[in-house]
Amino acid sequence: MAIHNVPIPSRQLYIDGEWREPVKKKRIPIINPATEDIIGDFPAATAEDVDIAVEAARRALARDDWGSTTGEQRAKYLRAIAAKVLERKSELAILESLDCGKTLFESAADLDDVAACFEYYADLAEALDLKRKTPVDLHLDSFKSYVLREPLGVVGLITPWNYPLLMATWKVAPALAAGCAAILKPSELASITCLELGEICREVGLPPGALNILTGLGPEAGAPLSSHPHVDKISFTGSAATGAKVMTAAAQLVKPVTLELGGKSPIVVFDDIDNLDIAVEWTLFGCFANTGQVCTATSRLIIQESIASAFLDRLILWTKNIKISDPLEEDCKLGPIVSSAQYEKVMKFISNAKNEGATILYGGERPQHLKKGYYVQPTIITDVNTSMEIWKEEVFGPVLCVKTFKTEQEAIELANDTKYGLASAIMSKDAGRCERFTKVGVFLICCKQFFLINRHGITTRVNWILQAFQTGIIWINCSQPSFCQLPFGGKKRSGFGRDLGEMGLEKYLNIKQVTEYTCDDAWAFYKSPSKN
Ligand code: NAD
């Protein structure tokens, strides 16, 4: 049985260092996806609250207690936040699981990552003091120049529900490290722990307005933030459809955006793997961790034909072993989908796949022992072709589709056969092959044909193809591990810009060049009137 005795805190919006009721006094119910019960509510911000928060953020930047801080001073706040997160780890983990259905084990791991991320950006904030002013040698006597790195200004941070506090942290920690003032808009499907971050910031004495947290609906709170004339940048993580709306709104003001969007990532398994079970487990983890609600989920298994049958047999055995239960139960490895709407969406993907002629090899139903909650069995789908929806679209649920290949060329073509470009994984013990899949290069091969006229006017048939994965993240002999030191993001329709790593900090900095004329002589471009 699920055991928890953590009360759901009743919070307001976190603006200017204090809790404020939303102007329209509206609240949104919190539904536990494991039981479908309403367990609390949270405030719904609208455009009026966005205006108030933006004002508070601008004031914070103008005040010495935030706007004139050194990186070293900001690092102290970040470290204090990390310590408080760890102090409240078990309570916050339960709140996260109740809110979004994440297994308690995964919620606790997320909180470790949250603390580590605040610590990492504390280090980078300290290092920023040394890089704040960098002289540039122009090899000229008449000019002296340097480059300044300064906070970009007020930044809007819009985040999804699948890793509620962790995705927020990937943006909040570097934005504060850079010295920006931030407005966080978490997902309406999981806001509890993000509001608790507000309480933590209050407790550690973060200066008012440095971080403001506006919960609420996307169109009511996220949209006015994206189009606000006094927000200098939007950093967005979410679906490609919403990302396009955010980018459109920001474009009207030529406001910079970074977009971390969805994916349909491949895991390519070659027959030279040493151990079937190890590859099977990574395949499972790559697609079913966090109930498949992971932007980088490797949800397309591309398996070499010679081992496909044995591999799928083992995959089913391992899948049957996954404990599906209330996420607070011990050893639960697969919790519910986050919401009723998302559950319906996942079920529709499965029925559409069936209708298009694919085979549901395993799963595809609600688990029989769970009568309530938005649960879906881990599902494996075969007999898939590349025109099917299940091959092309992001499901964001525990659904793996499978295709086989014979040759390396076929494998890379299938892997890159997607509009997305977030992540990809290769399982092979051939180091040369792993490198070919990693590095962009053009290789002569025999599956794509182009015709060139050579200098003698003779038509030559040449076969070229890009051999590497076209993604921002590549995993070799694993899938999904993520580290805050490494840049995270994609290409193609998975978005642009990077969270995490040093790039995750740079996106919150303005680079300012300063050039001084140091010569006593006149510039002498125009004729001086005194010489007439
Ligand atoms: P979503 O696009 O529905 O919502 C994301 C955020 O945008 C929420 O806070 C939402 O309230 C807000 N929003 C909605 N409409 C808006 C509007 N018109 N203007 C401004 N903001 C608006 O995405 P989701 O369902 O919360 O998250 C799932 C998606 O996120 C998946 O596609 C997943 O792949 C992606 N994701 C990407 C990454 C990454 O790093 N690339 C990480 C996690 C999730």
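Each residue, glycine too, has its Cβ placed from N, Cα and C.
On the 0 to 100 pLDDT scale, the model's mean across the domain 'Aldehyde dehydrogenase' (19-439) is 98. Under the heading domain 'Aldehyde dehydrogenase', TrEMBL lists 19-439 (among others).
Sequence annotations record features per position, and here TrEMBL assigns active site to Glu260. Within 10 Å of the C-beta atom of Glu260 (active site) sit 28 other C-beta atoms, taking all shown protein chains into account.
Residues or ranges marked as domain 'Aldehyde dehydrogenase' in TrEMBL: 461-514 (among others).
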What counts of helix, strand and coil residues does DSSP assign across the domain 'Aldehyde dehydrogenase' (461-514)? 6 helix, 21 strand, 27 coil
